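A short worksheet on the structure shown next.
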Amino acid sequence: MTSSKPKKTSRVRKTTKNSKKNNPLTMPALAKTPPSFKNKVVDKKALKNLVSWAYKTHGTAVTAAMADNLKDLGFKYATQAAVSISVDDLKVPEAKQDLIGQAEEQISATEECYRLGEITEVERHTKVIDTWTETNERLVDAVKNNFNQNDPLNSVWMMANSGARGNMSQVRQLVGMRGLMANPQGEIIDLPIRTNFREGLTVTEYVISSYGARKGLVDTALRTADSGYLTRRLVDVAQDVIVREEDCGTERSIVVEAEDGKFGARLLGRLTAEDIFDAEENLVVPQNTAIDPALSGEIEKASINKVKIRSPLTCEANRSVCRRCYGWALAHNHLVDLGEAVGIIAAQSIGEPGTQLTMRTFHTGGVSTAESGVVRSKITGKVEFSSKAKVRGYRTPHGVEAKQAEVDFILKIVPQGSNSGKPQKIEVSSGSLLFVEDGEEINSDITVAQIIAGTVKKSVEKATKDVICDLAGQVRYDKVIQPKEVTDRQGNITLKAQRLGRLWVLAGDVYNLPPNARPVISSGKSVDEGTVLAEASQSSEFGGQVRLRESVGDSREVQIVTTSMSLTNFKLIEESTHSGQIYNLESSDGISYRLNISPGSKISNGEVIADLTDERFRTKTGGLVKYAPGLSVKKARSSKNGFEVSQGGTLLWIPQETHEINKDISLLMIEDMKWIEAGTEVVKDIFSQTSGIVTVTQKNDILREITVRNGTFHECDDEEVLNRFTEEGNLVNPGEKILDGVDNKEILFVQKLETPKCRGLLLRTVEEFTIPDQAELPQLSHVKQEKGPHLGLKAIQRLTYKDGELIKSVEGVELLRTHLSIESFDATPQMTIDVESIEDKNDASINRLNLVILESILVRRDTLSDSSHGSTHTELQVKNDQLVKAGDVIATTQILCKEKGFVQLPNVVEDEPIRRLIVEREEDKIKIKISDKAVVKIGDRVVDGDPISKSVKSTSCGEIEEISNSSVTLRLGRPYMVSPDSVLHVKDGDLVLRGDGLALLVFERQKTGDIVQGLPRIEELLEARRPRDSAILSKKSGIVQIKKGNDEESVSLSVIEKDDFVNEYQLLIGKNIMVSDGQQVTGGESLTDGPINPHELLDCYFNDLKDQKPLIEAARESISKLQRSMVSEVQNVYKSQGVAIDDKHIEVIVRQMTSKVRIEDAGDTTLLPGELIELRQVEDTNQAMAITGGAPAEFTPVLLGITKASLNTDSFISAASFQETTRVLTEAAIEGKSDWLRGLKENVIIGRLIPAGTGFSGFVEELSSEAGPHPDILAEESGGYRRAQNLRPDYTVDMPQSPSVSSTAILDDPSDEDLETTRNRHGIDPSSSNFAAFARPNAENQFSEDQLPDPAALEGLQEEGLLSDE
């Protein structure tokens, strides 16, 4: 057995940290001793250990039998016990009422703090939620104790406790309280569900709790997809990591540090990288030994804190991992086998919990964001900080002022005076919160500190909350807020608070003024009820004649006629038809216009009011329209109304009759292309109106159309003549020759026709319509006046059809229409034109059409309308039919004061009208009697409990208005705390009404704890996303220097580096500095808070190290630092969800993400700047450069996210099958890439055996057999795996056991012909080639290794094109 496999005897069952069983280290390890479980409760965990022990010591068969026996035992007693669950088993603990009572007291205290403006709305919310969360936790403990002491055999308790069904959080909901719920946006509702399912939920609680349940189901569905995609990307990035070597021989390793002296499972299955000695220099574990639980225990016992182990991160095997760096395969706890696809196992191990985690969202329904690590004082005494302590002020999320530790130190509570004893020591880590001062004396059981364990980064998100005003009044800022104007990218200016401070609203009665009102009273005047505060007037814009209309609703309309136009030479004639009234306009010369609108309606500018009914332009049938030259229309077509004529001329009309028919062809009564007379029946019940040649259009034996074209038909066979005309038709002017014997005196339309009998020309007559330039209309009037709009009528001729249009119709159509349209000038859009019918002044029997332009003014009636307007009083200033000039006042409105008080106007910005004013009433003030001198000044703002004089405290919040000897007057107000960076919606001095938004608080909150937050976080880490608002990192190591600016807010932070170079960092407002003045920092350390950008971190590490070490070392070390932090970040997310994943899986993935470097300067190598290439290849290239004396390549390490890494893999087949197939394939084609088929995916895709598992041995042995006595050509992939593509993977070769060199000992020895064909296929000249595999091996041709640079290495570089042939 190899040394790496532990002996059977040492393999005792794995104990978990908190298992109470005998520790195998305190008990001599006997091979066959089962874990003791005498007189113990065997729960799920103990069963696990028992089965695991049986499996490890006795193998599968025995374990299976034992498990069967356990099952029988279990079923037997479960049957006899008949445990069932009933309502009576759900026992609610007595303590519940007290706990809820305490929580409610705490919460009402918090609400009071909020009312006094001591904490912000956000802090109140957080505090309420945390109070409930804590109550919930305490209630769970109460439930546990209740069952444990009073009813240990309760069915519910037994089920949950044994792990058979259910868990504590579900029992909590049954008998404790359901707890806090989240709303659909994921925000926690601050009303918890206080009842449990045993007591029953109220309707409100039921609705709230059903939110969570539905959300859980939906989330599960969505997350399963997310998690599956994550697994796919992971598999793709790691699929070609296979264990290909026994030992890579690396000297590098990673260090694992103990947590609290314990390693837990973190060393299990790893190989030591060097001998481990204890304090007395005794060897505990030799190098290259696999650490099993027993050894891990011994290391802990020898109190060794750091162990160097081998890891896939540091493995130097090319494109794979070697057995020793990987350690145990976790499936069977032995060293991993060659050919194991560890990449895929790693990918599945990380991806699979993602699915589970998603599934595990909604069982509890509740959501918690509890605070942890609170330390209370155990004794009464005095607080002492140690000498190196550094603290700074900090405000907790609950609005408590506390101190935050900047460095780690020890805090002591020293007993004072008589009660001596041991002092209590508390270790405070950097970033922890302290609630006591140095030197303060405290009692026992006081919260002293909240210790932050390590750097647990919960993911935070920025959130906002509105502060809504509860009372009307005037806004006042505290000085400390220091509002600052911030302009965003869109140029919007917002006010932001820079510091924590209060925003006050001082009470008063706020009046909204109507749009055009102006105050008529000055600020500071006292007013009584009924005093006029402001006046608004409404005036006419153009002037004219007033018409008062009846009032509608709460306002009445005043119309002012600015322009009117009466059509005196038209009579308005009304006709009644069955479809309603029709109005015609008749002019004195008898032309009649049809009116499109009825009197009493409104029309707008440019609208057509009447059409001329003109019979001259009406045809008898359908036909074809042609414009003769000279006739032109305006381009723009308003399709409804046709084309406006711009110049008159002649319109040509070729009549033809079209019957649209959709009937069966059997009904046709005539023949196609035949001449028919007018009145012929063409189809049953359809008669032709004209004579002419008939054309029938049919489709699938259905008649579509029948066309009758009039004219005369002339037979003609002369090609020359026929070619002059088309089937569509040509116009022929009078006197032009058409055919011999045809004399044309007028315009004809000629078409070429082929009838069944012969060919010929159809000559059709053309009708001419003359269109005038201007419509002939009776005189029309234009009305003008000094100011305001004019009115006019305009006639427009419009052609209905465009040039060349065919109108399919039997009835006649109208070719030209004449419209009358309204023209008004300078009309404003809100002015409409009204159409009225009036009697003629001279003859009452005749009605005339009257057009008027009205200006309409709505005047409000006096109402006690909404309270904020105050009571208004409106007066009309005009009478009916009065003539008013432009600008005359029509009505005035006064706003009256409702109660006695003092007026204040807001601050006026120039040109802006005042829209609100405030009256400070008696009820907005309060007098406080004092007996001694006041300790406050006028203008001070106080809250409940602040001292007014030595003996009197304030009873309300507000601002001091006046102070006399015996009393102080306070104007009531309400403070609102505003946190830094909040957006202020109001300015100092603004007037607000109740319900207005005052500010938008910006705060960070922890996202609700759930793997939901876990999955995106894992994705963010593995995709190496750049976080927003990331922390500022120190670029190089040095000493921090913090300078305060002129105002206390601005701080400049710089780091003095080694060569006294000062590097200054720009700080954004709202960033907390995480370092203190004079502190030593290393490159890559966070200077401010925020998420860390991994790319930036790598750069900082690398730049810091490359000044101190050679490039390759700096790259290696910076990469390994980054790898360590990535592994621990990923682990943190999974640990916080209670999922255990072995480090080595994450290491395999992280290794794939960090294997590449980017070439910055190629030196003398054949690499390209910007190329991504493996660090190992660059290293080899640079070594070769060192031999030949060329300039080496310079590079920086890069971090690729898993998607990027998958697309940048060497195998283009694998990359193309993952994403962006066309791009990957075209690039590969352009670069002329080869795919060496190293991974699993490539081989699967082209249908070969995969090079892992059983396929691996064949792969390796074939290669060794081909390599013959030169196994070194397998070392570098150029010789070895490149040949793999030519091998048939389906046969294997047995190697002889003795390492023999003679050529006869090789079994599958290629014949000379084989060698020859292989050489030819590869174009190899045996004389110049040093390819051992192609030459006949014999015993003499072996060099001693040290004579040459390693030929395999150089050869490989040439092959890869990284080294030129010199």
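Cβ coordinates are placed from backbone N, Cα and C, and glycine is handled just like the others.
Around C322 (Zn(2+) binding site), taking its Cβ as the centre, 22 other Cβ atoms fall within 10 Å, counting all chains. Secondary structure from DSSP puts C322 (Zn(2+) binding site) in a beta strand. Taken from Swiss-Prot, the feature Zn(2+) binding site covers C248, C315, C322, C325.
For 1-20, the entry in Swiss-Prot reads compositional bias 'Basic residues'.
For 1295-1305, the entry in Swiss-Prot reads compositional bias 'Polar residues'.
The annotation compositional bias 'Low complexity' is assigned in Swiss-Prot to 1354-1366.
The region 'Disordered' feature in Swiss-Prot is assigned to 1-34 (among others).
According to Swiss-Prot, the feature region 'Disordered' maps to 1291-1366 (among others).
Taking the centre of the Cβ atoms of C248, C315, C322, C325 as the Zn(2+) site, the nearby residues of that chain (Cβ within 8 Å, site residues left out) are E245, D247, T250, R310, P312, T314, E316, A317, V321, R323, R324, Y326.
The C-beta environment of C315 (Zn(2+) binding site), restricted to residues of the same chain at least 6 apart in sequence and closer than 8 Å, consists of C248, T250, V321, C322, C325, Y326, R1151. For C248 (Zn(2+) binding site), the number of other Cβ atoms no farther than 10 Å from its own Cβ, over all displayed protein chains, is 19.
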